[in-house]
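In what follows, a structure is listed as structure tokens, so that the remarks can point back to it.
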Amino acid sequence: MNIFDHQIKNVDKGNVVAILGAQWGDEGKGKIIDMLSEYSDITCRFNGGANAGHTISVNDKKYALHLLPCGVLYDNNISVLGNGMVIHVKSLMEEIESVGGKLLDRLYLSNKAHILFDIHQIIDSIQETKKLKEGKQIGTTKRGIGPCYSTKASRIGIRLGTLKNFENFKNMYSKLIDHLMDLYNITEYDKEKELNLFYNYHIKLRDRIVDVISFMNTNLENNKKVLIEGANAAMLDIDFGTYPYVTSSCTTVGGVFSGLGIHHKKLNLVVGVVKSYLTRVGCGPFLTELNNDVGQYLREKGHEYGTTTKRPRRCGWLDIPMLLYVKCINSIDMINLTKLDVLSGLEEILLCVNFKNKKTGELLEKGCYPVEEEISEEYEPVYEKFSGWKEDISTCNEFDELPENAKKYILAIEKYLKTPIVWIGVGPNRKNMIVKKNFNLN
């Protein structure tokens, strides 16, 4: 489905499209991003680091991407890593090598993105182990994301642009590592080995490190088609998510502007990716969680194990109040509903349409969401029940080919969100995507 060339006749929204996760991540953003990357000129990441990830299949070959945007798989596409990211350069180089080809020639790295060092990962593990002993673990990926954003916020981090002048980088590196070793009582760390690696990165990457703000805005002025790829998802946002069980970056639409340096009026279309049920990895409130056979059914049939960590994901029913809250923040124009096929075989499907205060019976106000753990404990879900379907829907190519009960479920979600569901994922492969042809875009 090609937004950029307006194959949907009643969509003419411009050249800049953002694909954002609308839940706790793992919504299946990779498929729609991959589909649209083929038609874009530039694909961008604006936030996070190697804590995100998806597996993409192109020409029967699978690629596991954690830092690079999906556009790297297409020779006509330029890939950009924005200033809002934290980049573990060793992981980036390994990923570049795994993709192969002349990828470096079409990759641009922001000079303002921060470098994530191995010591950040060590600190992440130290902090998480301490929290585990205290019973307060967050459930991080231990990829060093939080500690790197911490050094950024503390104004002692090192930006990629520094790597262009290696002598300057070496001095800043020594000061940072010595400070962190002292602060966290780390007695052994091979600085010389890491510095040698970074000298090689300096040689290979110095011409790829640019002022991405200027680069992006010049390309926008030239009407290039830009696809912006969100990492993680809205409910993991550092400000708007279920704090403190969140990631360390801005995962919502505001992060697009601060993480790439583009003007908010340049963004034309926001696509929210929504899984047909709900999952989350790690700790934190989950009001529709299913700790029963249905939850296990969803986990196994949906292969709900983390791309990055391989941890089993917690599973539950779709949460409409959450999506309304996320829609308010992100101004979502369209929805890609994923993994509808996983619901096939269930006798009954529940849809959370509101939350009720356990004591007062008062319903949650529209657009609000109990993101704080202590407040969420005061609420219980209000469900609408739907009959399930037994049919295998993976061969469905049109909306009208879906079982009636599946269509009722989709239309109910649209009704509550007042947002068109344009793409419907009905299987694991790229071809297993229904595109609804008739919808209204407000």
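Each residue's number is its place along the chain shown, starting with 1.
Placed from the backbone N, Cα and C atoms, the Cβ positions cover glycine too.
As recorded in Swiss-Prot:
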type	residues	note
BINDING	25-31, 53-55, K62, T307, R313, 339-341, 425-427	GTP binding site
BINDING	D26, E27, G28, K29, N51, A52, G53, H54, T141, R155, N232, T247, R311	IMP binding site
BINDING	D26, G53	Mg(2+) binding site
ACT_SITE	D26	active site, proton acceptor
ACT_SITE	H54	active site, proton donor
BINDING	T307, T308, T309, K310, R311, P312, R313	substrate binding site
Which same-chain residues, if any, lie at least 6 apart from P312 (substrate binding site) yet have Cβ under 8 Å of it: R299, E304, Y305, G306
Surrounding CB atoms that lie within 10 Å of the CB of K31 (GTP binding site), all protein chains: 25
Binding-site residues near R313 (GTP binding site), in sequence order, restricted to D26, G53, N232 and a 10 Å Cα cut-off: D26
Of N51, T141, N232, T309, K310, i.e. the binding-site residues, those within 10 Å of G25 (GTP binding site) when Cα atoms are compared: N232
Closest of K31, H54, K310, G427 to T141 (IMP binding site), Cα positions, recorded positions only: K310
In the chain carrying G427 (GTP binding site), residues 6 or more apart in sequence that have Cβ under 8 angstroms from it: D341, I393, S394
Length of the line joining the Cα atoms of G28 (GTP binding site) and R311 (IMP binding site), in Å: 16
Candidates D26, K31, N51, G53, H54 (recorded positions) with Cα within 10 Å of K310 (substrate binding site): none
Top Cα neighbour of T55 (GTP binding site) in the set of binding-site residues D26, N232, T309: D26
Those residues of the chain, 6+ apart, with a Cβ under 8 Å from that of T309 (substrate binding site): T141, V281
